[in-house]
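Per TrEMBL, the feature repeat 'HEAT' maps to 10-48, 164-202, 203-241, 242-280, 281-319, 320-358, 359-397, 398-436, 437-475, 515-553, 554-587.
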Amino acid sequence: MAMLDEPLYPIAILIDELKNEDIQLRLNSIRRLSTIARALGEERTRKELIPFLSENNDDDDEVLLAMAEELGVFIPYVGGVEFAHVLLPPLETLCSVEETCVRDKAVESLCRIGSQMKESDIVDWFVPLVKRLAAGEWFTARVSSCGLFHIAYPSSPDMLKAELRSIYGQLCQDDMPMVRRSAASNLGKFASTVEQSHLKTDVMSMFEDLTQDDQDSVRLLAVEGCAALGKLLEPQECVSHILPVIINFSQDKSWRVRYMVANQLYELSEAVGPETTRSDLVPAYVRLLRDNEAEVRIAAAGKVTKFCQILGPALAIQHILPCVKELSSDSSQHVRSALASVIMGMAPVLGKDATIEQLLPIFLSLLKDEFPDVRLNIISKLDQVNQVIGIDLLSQSLLPAIVELAEDRHWRVRLAIIEYIPLLASQLGVRFFDDKLGALCMQWLEDKVFSIRDAAANNLKRLAEEFGPEWAMQHIVPQVLDKMNNPHYLYRMTFLHAIALLSPVMGSDITYQRLLPVVINASKDRVPNIKFNVAKVLQSLLPIVDSSVVEKTIRPCLVELSEDPDVDVRYFAHQAIQSCDQLMISG
């Protein structure tokens, strides 16, 4: 009897836990559905588990979301593709719930299952489900149905296709704005499955209905569909059907719609081709760059460089550059920041003369902007300008501004400059670097902010890697070692950290001759924090120096530290001694 009852045991646990008041137990149970299905076998999963889930009217969204996700990968547990249709009823129920994320996940799972089903099963099971949802009394079902048409349509016979197109057209004119929104956002997917002949008639009429909707939330989703539809149509069709809509949308009374146009305009320009872009889209784009809403200007400013690439230098200078000059002194810092993040890319498009004449003054004004993000966005893209105008001009025009930023009162600005120093160093070359930026790099080691000091130490290591140990021996090491006598222990800790970072780059000999004596000397410091950092540094030097140095110099120092009155110093000294022992054993 016990043997017979055993297979029932997992389903019994599931049912008990699914009805449990504790949401965590219900969730765990749902997430173990695949394990339970394997225990039950395919037939009992189809006949008992799935019907049970269909009837399960759990009211917790988290449980329903987990169920929608699990069912999407359940085909193997019900006996493969030929039985996939048994998974549709519980997901159909989930498509009608109130919580959006549950519905979205149920639609996603239905699409995953539908894409694996046989064509005949789609016609027999999937299409009726889509029709039922589309005719649902409650708007949530109709919202969900819009996301399923692109799966149902390709496998359907012609009469059924005509019916599906007609139903989708009705959804585009639904009384509820949420349904029309869903129809608008899914139109691109549906259109990609519709035949060319119907695309120009049925789908374009749906699109026109949506573009004239009185709700701006529907219209802005229709804008998204413009780019998708544009790619499906021939260029001349695109110009006659999509272009007027876009031009119209760029002057829409709702700023959200205009914002969407600004975001999508570049993709649309690809669909209509360069000629039409130059003649028709540029005026619309210029309007958006001068829009009275900052959000629209931000979106448009972010596309400046891409647009200039399509237009070429002459048109870019004529139409776009005047707007760029205006935007560089825009009242919104976010607009200036968006512009700063892309404006450097204009230099290769405009060429050397126009960059020097027109863009450099704009770069300089943005480099001196009061908002840190604007300045950072310019610094991070300097290499693009360097390729166009050359290092001499770049250094004369922009470097004074960079040096000014290196002493900025905002520590995050100083930090960003430090992070770009190795990049600047590789672009400027060693001679130039020594003249202009070398002193700054040392100055940062004594900054008031720890993050700056830490970044400055890492910066020295990256510079030593860039210019080589000999350069570092001449320009970095002596200055770092001199500073070890700084009266403030926090700065002495920074220099210790810098020594630890430089050692692997400098190699065994210099570490032994120049760096190690300074570290050993620091072990006599009166501040415990310095002493335990000495123990850490000595531990990091073990792989770099010879084993004889470890035994004669490093170990005695660590032994001395291991007897220090301070508990932390003793702890780190013991850690380092253990590393010494392991090194000797492995060596």
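In case you wondered, yes, glycine gets a Cβ from its N, Cα and C as well.
Unlike curated records, TrEMBL annotations are generated automatically.
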Query raised in the report: Looking only at residues six or more beyond either end of the repeat 'HEAT' (242-280), which have a C-beta under 8 A from one in the stretch?
Result: 207-208, 211, 216-217, 219-220, 222-224, 226-227, 229-231, 233, 235, 287-288, 291, 293, 295-296, 299-300, 303, 306-307, 310-311, 315
Report summary line: On average, residues of the repeat 'HEAT' (242-280) score a pLDDT of 79
Query raised in the report: For the repeat 'HEAT' (242-280), what are the DSSP-based totals of helix, strand and coil residues?
Result: 33 helix, 0 strand, 6 coil
Report summary line: Counting only residues at least 6 beyond its ends, the same-chain positions whose CB falls under 8 A of a CB in the repeat 'HEAT' (164-202) are 127, 130-131, 134-135, 139, 142-147, 149-150, 152-154, 156, 209-210, 213, 215, 217-218, 221-222, 224-225, 227-229, 232-233, 237, 241
Query raised in the report: Counting only residues 6+ away from its ends, which parts of the chain sit with a Cβ under 8 Å from the repeat 'HEAT' (320-358)?
Result: 285-286, 289-290, 294, 297-299, 301-305, 307-309, 311-313, 365-366, 369-371, 373-375, 377-378, 381-382, 384-385, 387-389, 393
Query raised in the report: What counts of helix, strand and coil residues does DSSP assign across the repeat 'HEAT' (437-475)?
Result: 32 helix, 0 strand, 7 coil
Report task. Please spell out the DSSP helix, strand and coil residue counts for the repeat 'HEAT' (164-202). Result -> 31 helix, 0 strand, 8 coil
